[in-house]
Ligand code: MSK
């Protein structure tokens, strides 16, 4: 392996040598074997969209400067980027579509093992979507909200923006996006539009393609927003809960079931049923019964809503199995390494895929449907209990590492905590402290792990620097997982790393909210689909101040971005007006034009822009500078 440290996670550093000794291959080995990675791909100048190719542009100017069809580097880079955004948007769209369809079925009275947990939130959503819920039966409201959400996948009139985009942004942002022609009217149509315009022989104007990409990113935002809000309706609004993170949450004397992926529709039922089937596990010899743990964003979902501990984040998912203590890993969609099934050969673990469009050769496929969710979950738990009986105790190596994490800071939970300080005007304490400088600004950490950097290192380094500078921090996805694993979602972290004024504010709010101490240093806002929770809060602040989002001292950072979804999220963050940091060099720099548009010119259009900085300390300096520039703009 190279000299770059693989991870700062002690559990990873404990297990990786064991894996290597046992000849078990992990992502880190495959990353090494892949080197040197394709330079054309890294620069984004490889085109594979037709069978005349593949074509690639010579970045040094000596070889071909155009593909066989005549597309130049700008066109190729812009097309590749737009297609990544479309793929990210498709992932979130499918997630949101699935949840909305489930809500519709509930509204129509179908017998499903789900119920509406948050009636008040559902009615609030209905009001927000102008559906006038007053006096209506809750099932009727569910049906109308589901149909209004599904309309965002089916509307044919391109002049009418998606409901969830129009009703969740500031009026001035909506106006700007409509004016730019990047407001989506239909999520699926917008994805299809990108796939069409980037087809061979279509849009060759890089800037025009990028505008299509912004529209795709806003389609992604729309799908994400409705996913999160409707999931809250069905499964509950997250509230602060104390739990734990890292592989030490696995238990030697329990049937350990890891839930992994993104969609809570199955994992919620597995969690419910695990309580009921606990005795069965005990009868099988597991003294501590069933222990559900989470990985990646299904992990974040159940951690936020139920306090289920998080085993690990994206990059170390294979190592969960290397502990030899996971009896079943149940996966749904997205960010699941196909290599998990191969690990099944070395351990007793049942690797169970559940979604029709997400199968892995070698895994056990147990198809999930909403109608049969209870039976599916029961079968999964039975498979896990059987596997537990086969567990080879000599192969069990649970690293003794776990950290406390206080998680569950939905927008509602943050407002509830603030309302303890000022019941009449909950946002006032937050805004006052931003205005007086006690809080310099707000940073949203999002995104994945990426092997190109030391796992979790960028997240923790930037966060400690921002904390020192009194920046309030929110996190989602595998970034949130990183902070949870490294103890930065604790009150102790606030004491240790927050600047004096930030510490004071977090203490006042935390004490008022009954936490007997400060709020944690980084607030866990959920899975990667939940980034819209941060927008919810930012829009409330912007509306209260009477400014648009691009005026707020709010920044975003994806220090280890990896997935197409992260590309889509980063792009909508920029489109909504946020300076957005990437800690990984994006695959666009083969086009100076595209690079310039994304990092500079776009600022004139939407206010936001990308900043690329791979050094986490320098990234923190740049993020603080961006916040200060916004503060100056506001005259504070
Ligand atoms: S799981 S998209 S690695 S955050 Fe949401 Fe993590 Fe990124 Fe997947």
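For all residues, glycine too, the Cβ spot is worked out from N, Cα and C.
Site annotation for [4Fe-4S] cluster 2 in TrEMBL covers 47, 50, 55, and the matching candidate from 38, 69 is 69.
With 262, 297, 335, 448, 478 listed by TrEMBL as binding [Ni-4Fe-4S] cluster, the candidate from 162, 202, 528 annotated for that site turns out to be 528. A coil conformation is recorded for residue 38 ([4Fe-4S] cluster 1 binding site) in the three-state DSSP classification, outside any helix or strand. The sparsest Cβ neighbourhood within 10 Å, among the listed binding-site residues (38, 335, 478), is found at 38. Taken in sequence order, the binding-site residues 47, 55, 297, 335, 528 that lie near ligand 1, meaning a CB under 6 Å from one of its atoms, are 297, 335, 528.
In this structure, the C-alpha atom of residue 50 ([4Fe-4S] cluster 2 binding site) lies 19 angstrom from that of residue 38 ([4Fe-4S] cluster 1 binding site).
Residues near residue 297 ([Ni-4Fe-4S] cluster binding site) in space but far in sequence (CB under 8 A, at least 6 apart, same chain), listed by position: 261, 262, 334, 335, 477, 478, 527, 528, 529. In sequence order, 53, 54, 55, 56, 67, 71, 76, 79, 80 constitute the residues six or more apart from residue 47 ([4Fe-4S] cluster 2 binding site) in its chain with CB-CB distances below 8 Å. Less than 8 angstroms from the CB of residue 69 ([4Fe-4S] cluster 2 binding site) sit 50, 52, 55, 200, 201, each of them six or more residues away in the same chain. Take the binding-site residues 50, 55, 448, 528: by the count of other Cβ atoms within 10 Å of each Cβ, the lowest one is 50. Counting only the Cα atoms, the space from residue 448 ([Ni-4Fe-4S] cluster binding site) to residue 38 ([4Fe-4S] cluster 1 binding site) is about 22 angstrom.
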